[in-house]
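Asker: Take this structure first; my questions come after.
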């Protein structure tokens, strides 16, 4: 069936509008969809397709057909992206606006449904709401939203995804792409769609990765373009802000990594306001993840950026202030306070779980710290001491709030172990009152406890546990329990920052003072150690014994050096001379050492080059080997997968067959309803014959059981009925009398009731007649009036209908006359066409007959010419055959005469022996074919005729042969003229047949050569023309006209049988073996 013709977009639009007008929106959408995705639509002008697409997206939105809209919009983008980008943006904006409008209408409708459901405004709860609340935790508003608003929210989300997929990786549609992404972010933020936000971020991330992969495509975006990269950065910053507002911290961190990647690709620096937002969001992310070190580092970067922006704005008033963050004194003071507070909140003792000295864990932590350092744009990983040093150098203490400065002084400068908590408690209250600073209270408690125990360890060896608990007292919302303090001590001891023993029996804390103990972990790179690596961060009142022991040798060396310098006056002179000698040796060997260094450098470079070349060669070989192994593994895997797939398919088919067989068996067993229990799972032993036998046995059993039941039941019913009848014989007369009395009473009662009802109904009917008889005149008057009105109305309608009928009849007559006239004209035209067609057919037939006659005459002439030529050629061939036949007959006569003369010569001479030099003529025993020899051996027939018969047969064949073609001379079948030159061996059959019975051999005649046939002389026989005189000459003997030829007797004493040979067509007779 051929495809339907392609219609114009205008016609399709008109047809779709007609379908929409009659309420067939789905049919209109299918019509538009088929037109849009058709290949021939690519050739349609964009101005014609644009209204079609507008109606198409309207129908898709109204019917919520997201997949259909995606398909059509993809096709429209491919059609219009090379000619008109504005129309694509217009259609997509229309698509998004319609979806958003539908969501707004759904929300309003849901609110109206909720308000309409409230009948009594004073009743807070209805019975229905109470019952629903017991079954489900949802409120009526939630159910309404799920039924009305949720489908449209889902469709709006699909709309955003569809538009982003269509616009991706297209530089001409990039602005529309970024604006749609921002709208999608706003959608997720407005409706708190966290799952959709994660998917949206992943979708944008994949689009950027694919942009780098398909950068060679037409209209592909170029991430090296500064404007493109800036737009992507703006989108990612908005993504980061939305992630932070939705409290999706993992997605926010991924957004930070995306921003950092794009910043590394960007050739122009990012705006200060964007970077300030970036660092501020990083502070929130790190604070949520309890990474106070990098949280403080992020505040450090943010404070430095604010300070730099303030200096740039102050230095250049002409700069655009919207590109710089707000950097007033209040903003700088807030940033400095948060920076200093975040640095103070960095725990001195790590709160992470200890995993021991595991190098892989340390490596993972180093990699993580390296990543976070790169995100902050720092050259090295931050530390607590480095942050404090940077804060002091940049004047953060001056800009910070006074209570934060006091807190820094108490924790990092002063030494007061007995009053540190009391001094800090009012500051903690002030910090907790600020919403931005309240999250720092808990980590500050850890730092305060750390400083408390560090300072107590320098003053006391042993202290009461109750005394320490009293010292570690905090304001009421932030008090710590003894268990928390004990847990903190144990963690500090495990990390190696504290060395404290707890005696619960005595309630005493003991600070260890072993001179050989170490308060740091043995493994320097372990994560179990302190978060504070720099020495000197704790104010020391005195050194501990262990520190004294560790520095004893260095102090002894310093004391000995001072003693020698004061006791020996030549010590300084000797030291100066040794230094001068060392300088002189260095100057003398400087040149040689320089040359050695250069030579060693050259050798090292050569070795490095050789190692690099060897490494490259090795890598190349390894790569080739890997490729080969991968190819082999891939082939093996493919073969294995194919084999496994085949096995799985066979196994699946086998299982399906087995399952079907078991189901059939089970069904049949269920139909049988056997009494015996059969294991349905083990049906392998059952086959169709066994099942058939079981079915027959079951049917037979059921039949027997049914017959037995029927017999027992019939017998029981028979006995029961007989007993009933015997008993009822006695009571039947009494029952009959009783039934007669009851029937008579019932009849009398029914008769009385019937008479009463009839009398009452008659009286009521008479009263009704009397009451209605007064209305009869009024009814008759009204009836007459109605009849008259109806008659007049009928007459008026009849007259109007008669007039209309006459008009229609006249119109019908005119139409019939016009139709007849038209038919007459059409018949005349058809008759003219028929006559013309017949005339044309007649002329064509005459022309055809004339051409056929001419062709037959031409063919007859050609045939006559061919006959004459054939006759002439036949006459020529006949003459040629006649001449050849005469020549053959002449040669045959000559040959016959010569042979007869040759045969007559030996008979006349009759010598005793042949001359020694004479040659006996005999046929070659090897002449002839193998078929002739096999026939002689098989049948024993005499030899075939010799040369005469062969010649006659050859003459006959040449006479009967077809004439030679014209222009070619006929070939003559002339046999070679050969005469027997040797004696012919006589065949045994001929010798036995020709021997005379009773004739004795003549002994006086010299015996001829044995096994040689010699024909006798001719005795009065005449040679016939064309035929030899004897069989020996190759002819056939005529018994009626010639006498019988008798061969000569052979001499007695010849022990061997006679053998003869006759020549016939090249065949030969030979001796029997």
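The first residue you see is number 1, and the count goes up from there.
Glycine is no exception: its Cβ is also placed from the backbone N, Cα and C atoms.
Annotation source TrEMBL lists compositional bias 'Basic and acidic residues' at 643-657, 787-798, 805-906, 929-940, 949-958, 1038-1065. The annotation compositional bias 'Low complexity' is assigned in TrEMBL to 907-916. Under the heading domain 'PCI', TrEMBL lists 332-516. If you look up TrEMBL, you'll see 638-657, 787-1073 marked as region 'Disordered'.
Thinking about packing and proximity, how do these listed features fit into the structure?
Answerer: Residue counts of the compositional bias 'Basic and acidic residues' (643-657) by helix, strand and coil are 15 helix, 0 strand, 0 coil (DSSP-based).
Per-residue pLDDT, averaged across the domain 'PCI' (332-516), gives 79.
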Asker: According to DSSP, how is the compositional bias 'Basic and acidic residues' (787-798) divided among helix, strand and coil residues?
Answerer: 12 helix, 0 strand, 0 coil
Asker: Which residue counts does DSSP give the compositional bias 'Basic and acidic residues' (805-906) for helix, strand and coil?
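Answerer: Computed counts for the compositional bias 'Basic and acidic residues' (805-906) are 102 helix, 0 strand, 0 coil.
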